[in-house]
Ligand SMILES: [Zn+2]
């Protein structure tokens, strides 16, 4: 056990020396500040590391992760990250990235009580409820699972568009795009769901603030 823990520090020392070999000023530059263009909202799943799957370096991507990449408007953690990323860092892209095989989505498809997490999974069940006909029209359990992963990402993209943070930025002419992606654990590829909220979110007018 001690060995698996110590390995992290050994890795860290090696990483530092690799970076310094390439650029002796690497950490000096890093300490000066960040100007990321992307906010990545992903799942906490250990198999979906934001920087690694997008080939981005430290400093390029602001990251928030939670179970099943949810955008919950009462979640002060997520909302603070979003506000800071959009208004202060002025990111150009907000990405919700789900993944096939998501344990959170799988749990939300079942009816077992798992404790405190039930309250969080309920938000995923809401995505299920809104997309139930589409999800259940699929022919196999696996296809239904994949459809709910995708539908859940779509709902989180809509949730972002419902926030005053995103709406205010867009109304002020800030360069900001919101994207929904799904990562496939089986082949490592990212798929852009190309969600257009103006086309696909029919109730958007209910959530739209006056300009
Ligand atoms: Zn997941």
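Glycine is treated like the rest: Cβ placed from N, Cα and C.
As annotated by TrEMBL, Zn(2+) binding site applies to 43, 45, 99, 102.
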- Near Zn(2+): residues not in 43, 45, 99, 102 with Cβ within 8 Å of the site Cβ centroid are 42, 44, 47, 48, 68, 69, 98, 101, 103, 104, 105, 183
- Query: Tell me which residues of the chain lie with their Cβ under 8 angstroms from that of residue 102 (Zn(2+) binding site), as long as they are six or more apart in sequence?
  - Reply: 43, 45, 68, 149
